[in-house]
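Undergrad: There's a structure below that I have some questions on.
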Amino acid sequence: MSYQPTPEDRFTFGLWTVGWQGRDPFGDATRPALDPVETVQRLAELGAHGVTFHDDDLIPFGSSDTERESHIKRFRQALDATGMTVPMATTNLFTHPVFKDGGFTANDRDVRRYALRKTIRNIDLAVELGAKTYVAWGGREGAESGAAKDVRVALDRMKEAFDLLGEYVTSQGYDTRFAIEPKPNEPRGDILLPTVGHALAFIERLERPELYGVNPEVGHEQMAGLNFPHGIAQALWAGKLFHIDLNGQSGIKYDQDLRFGAGDLRAAFWLVDLLESAGYEGPRHFDFKPPRTEDIDGVWASAAGCMRNYLILKERAAAFRADPEVQEALRASRLDELAQPTAADGVQELLADRTAFEDFDVDAAAARGMAFERLDQLAMDHLLGAR
């Protein structure tokens, strides 16, 4: 298998990823700003399928209408020249100080109304550029102290905002779906809708739940100590995996945004195995930050590494599933039984079945080994290239 990516692999990158200048809370930028046009061109050369953007990534905050149109025109020309796509866009409701207490859930009503108008304006642009998915990350929607935010009321305001956006795209005839991106903390001390599970529960309370799904990010779930492939499996099970952000994370700490494959390699293997075996058809979107130690050449090497690592893991996962010994080990671990309904015959038949309780030999069942260790070692062998 070739590890050279092509547009058919559907790899995408945010302008803010390779465009990150290395500025953090403890140090200034280590790289110059990147022109979005150059970003499009270089990613196309690397084999990417598309780019994504926050409004302020493409159009600097405070630009005049004339300047705005100029930025959009140059960007569109770069897309046309390279064949790159824009499958997703989002709104920056976290950088400007006006959003210090959030956008959709700011205590200040004027800020909430401004956040909605800013979002709607960028939805219009996203649709013009062909985006079908609109991501919402509420990085500033939260609090650091208990009395500062009535969370129940804040969730009312969050619901109001998403319901209004759903009403807007429906009234405009847009083929737009929203993907909520969970994160437990950072930059706020505690962020609303912190995990995939929280977001899925919230979506069911919206007026048009069919328009809303999730955009889980590897590092965000792992910051909460959760199993990312399990979260993705539940999102797929719910039919709500509308988008995904791929990167790397090493345990429960700040949001590292490492290139995909760095950090928890086992989780990355199981994630790729799941996405490919489940037939996920959306973009494989990389939301990472090239370390501030890197110069511009290192930026592109890091981006290329994201795609290469995914393709390597895809090959290893396919080999794992095709291995006859693995298939036998899966049967020995009773995965085929898990796929069988427990009581398809109904509750009355279950109650009448003495082998299910009265005559069930619990000691014999308890003595049966599950052979999970052998199965897991086979997976490790494939992951490490030993088979």
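Just so you know, the numbers here start at 1 and follow the chain as drawn.
Cβ atoms here come from the backbone N, Cα and C positions, even for glycine.
Residues or ranges marked as active site in Swiss-Prot (evidence: similarity to another entry): H54, D57. What Swiss-Prot records for E181, E217, D245, D287 is Mg(2+) 1 binding site. Annotation comment: Swiss-Prot describes E217, H220, D255, D257 as Mg(2+) 2 binding site.
Could you place these features in context, so I can see how deep they sit and what lies close by?
TA: H54 (active site) falls within a strand when secondary structure is assigned with DSSP. Applying an 8 A CB threshold to same-chain residues 6+ apart, the list for H54 (active site) reads G14, L15, W16, A89, T90, T91, N92, N122.
Long-range Cβ neighbours of D57 (active site) (same chain, at least 6 residues apart, Cβ-Cβ under 8 Å): G14, L15, W16, G19, P36, N92.
Secondary structure from DSSP puts E217 (Mg(2+) 1 binding site) in a beta strand. Counting every protein chain shown, the number of other Cβ atoms lying within 10 Å of the Cβ of E217 (Mg(2+) 1 binding site) is 26.
D257 (Mg(2+) 2 binding site) is surrounded by 23 other CB atoms, counting those within 10 A of its CB over all protein chains shown.
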Undergrad: So of D245, D255, D287, which of the binding-site residues has the fewest other Cβ atoms within 10 Å around its own Cβ?
TA: D255
Undergrad: So for E181 (Mg(2+) 1 binding site), how many other CB atoms are inside 10 Å of its CB?
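TA: I count 22 other Cβ atoms within 10 Å of it.
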Undergrad: Give me the sequence-ordered set of same-chain residues, not including E181, E217, D245, D287, with a C-beta within 8 angstroms of the centroid of the Mg(2+) 1 site's C-beta atoms.
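TA: For the Mg(2+) 1 site the neighbour list reads V135, W137, N215, P216, V218, G219, H220, I244, L246, N247, H285.
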Undergrad: Does DSSP put D245 (Mg(2+) 1 binding site) in a helix, in a strand, or in coil?
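TA: The residue in question, D245 (Mg(2+) 1 binding site), is strand (DSSP, three-state).
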Undergrad: At the Cα level, what's the spacing in Å between D257 (Mg(2+) 2 binding site) and D287 (Mg(2+) 1 binding site), rounded?
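TA: D257 (Mg(2+) 2 binding site) and D287 (Mg(2+) 1 binding site) have their Cα atoms 7 Å apart.
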